[in-house]
Amino acid sequence: MSELTYVERAARVKLMIFDVDGVLTDGSLHYGAEGEALKTFNVQDGLGIKLIQEAGIQTAIISARTSPQVIKRAADLGISHLHQGGHDKLTPFNALLEKTGLTVDQVGFIGDDVVDLPILARVGFAVAVPNGRKEVLERAHHTTVAFGGRGAVREVCELVLHAQGLYERVMAQFLV
């Protein structure tokens, strides 16, 4: 059997998992006056997540860092599967598979750094951002044009919707 194209892989996605730093953000950390880390999220990425949710695709965040801003962002976007803290991303990934009952072929993941490699090596649709590490880019099924924190997530969400023939349906609410 021949290797699946990235579009064929995207067509199978029922759960899309996102890394945070370098994917949902541009990877920069800004510190406030009290030393708290601040993050900037892209609103177009957020709408992309809402659109795939409307299409029935589950969403999750698995991040190595712990941040109250990520808890807030996940809540704002209705992302119910959230794991933060620790470089072992595979344990929460496996727990998520068990919880959802999905197979690895039905899962997409977008990452940027070497801590993401164990998940990227297992999912059916592995996506990298162009500002990601070389090792990640080499192992991804697809690399976005947009950078992390600059529309990469929206690009992937729209790709999944197009691959599944759902784009027009979810966009109909905006195209009056």
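Heads up, the Cβ atoms here are built off N, Cα and C, so glycines get one too.
Noted in TrEMBL for the protein shown:
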type	residues	note
BINDING	D19, D112	Mg(2+) binding site
BINDING	D21	substrate binding site
Cβ neighbours of D19 (Mg(2+) binding site) where a neighbour is any other Cβ within 10 Å: 29
Neighbourhood of D21 (substrate binding site) by C-beta distance under 8 A, where only residues 6 or more apart in the same chain count: G27, L29, K39, S63, A64, R65, D112, D113
CB contacts for D112 (Mg(2+) binding site) [other CB atoms within 10 A, all chains]: 27
